[in-house]
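A.B. asks: TrEMBL lists these features:
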COMPBIAS  1-19  compositional bias 'Basic and acidic residues'
DOMAIN    20-47  domain 'C2H2-type'
DOMAIN    48-75  domain 'C2H2-type'
DOMAIN    93-120  domain 'C2H2-type'
DOMAIN    121-148  domain 'C2H2-type'
DOMAIN    149-176  domain 'C2H2-type'
DOMAIN    177-204  domain 'C2H2-type'
DOMAIN    205-232  domain 'C2H2-type'
DOMAIN    233-260  domain 'C2H2-type'
DOMAIN    261-288  domain 'C2H2-type'
REGION    1-23  region 'Disordered'
Amino acid sequence: MDKRKVKKEKDDSSTEDRPFSCPKCPYRSDRQHNLRQHLLTHTGERPYPCPHCDYAAGRKPHLVRHLVRHTGVKPVIKQRRRRKAVQVQKPVKQCPFCDYTSKRMYDINVHVRTHTGERPYKCPVCDWSFAHSSTLGTHMDIHRGNKRFQCPHCDYASVRKECLRLHLSKHTGFFPYLCGECGYKTAQKSRMLKHMRTHTGEKPYGCPQCDFTTAHKRCVDRHMSIHTGEKPLMCEECGYRTADRGNLVKHMRKHTGVKPYRCSMCDYSISDRRLLNKHMKMHEEEKHVKTETTVSTVKVKKEQT
């Protein structure tokens, strides 16, 4: 029998056996539930959030597996032969620098890099380096232009599923973290923790060479360039160098002409958020002047009558 004919017959049988197909990729399944779970990989939706950190899972078993990192206790495992529930516990290991614990030494070694600043995974295209291999893989998608996670409501696309999940909150209006001091709200727990430092004045990150302290880790990295003189990030267009990624992003807008910050009251757009805030104050002052003018006009009319 012809090999092509046999292959075609196999493809036809697999199509009949797996009638539920994904509209965005070749994935097929014999169960509609599996297809619904698969579609979450395209939308970035994660309906199962972790109560201890910012992690959220697309499937409940993934959340159960993640919770072991916090509790150190494995879920109940049923043995097929004896059919008895056995709860397996492994000794919990602790970080030598803080209270972080984990049952796996691998997690401890990766976590320690947050204290030592070690970043063994370097990008072959640019000067960036990372503490996690998965983060390097995500970073490489930026160079490839591979934005796999598309928003179903607008043209936004991202290389990270987590970024898409945070973006979707703009459409749904779901911001679970609310500041009781000023009303600031966000969809990310870590952002709320950073925001609260503006009220408490907490500055947990310090320079090892001087008395400089700050509320954000990235500010320490930027500050260290004062001592070392290193500026690892360079603009490929003009040779501009800096130690801060945010400064490089702002600088590149001079070459690309991108102006992402737009005024909601007029056609003004700018590449720097601080300049937009300054522009918005002009509208507030104009609105205040108009209000005072209207009030004074009403008072004059009342006096004349």
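Even glycines carry a Cβ here, placed using N, Cα and C.
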A.B. asks: Using DSSP, tally how many residues of the domain 'C2H2-type' (233-260) sit in helix, strand and coil.
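C.D. replies: Per DSSP, the residues of the domain 'C2H2-type' (233-260) fall into 12 helix, 4 strand, 12 coil.
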A.B. asks: How many helix, strand and coil residues does the domain 'C2H2-type' (261-288) contain under DSSP?
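C.D. replies: Split by secondary structure, the domain 'C2H2-type' (261-288) comes out as 16 helix, 4 strand, 8 coil.
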A.B. asks: Are there 3 or more C-beta pairs under 8 Å linking the domain 'C2H2-type' (121-148) with the domain 'C2H2-type' (20-47), counting only pairs at least 6 apart in sequence?
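C.D. replies: Stretch pair does not touch.
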A.B. asks: Can you tell me which parts of the same chain pack against the domain 'C2H2-type' (177-204), counting only residues 6+ beyond its ends and a CB-CB cutoff under 8 A?
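C.D. replies: For the domain 'C2H2-type' (177-204), the nonlocal Cβ contacts are 53-54, 165-166, 169, 213-216.
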A.B. asks: Based on DSSP, tally up the residues of the domain 'C2H2-type' (48-75) by helix, strand and coil.
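C.D. replies: Across the domain 'C2H2-type' (48-75), the residues distribute as 12 helix, 5 strand, 11 coil.
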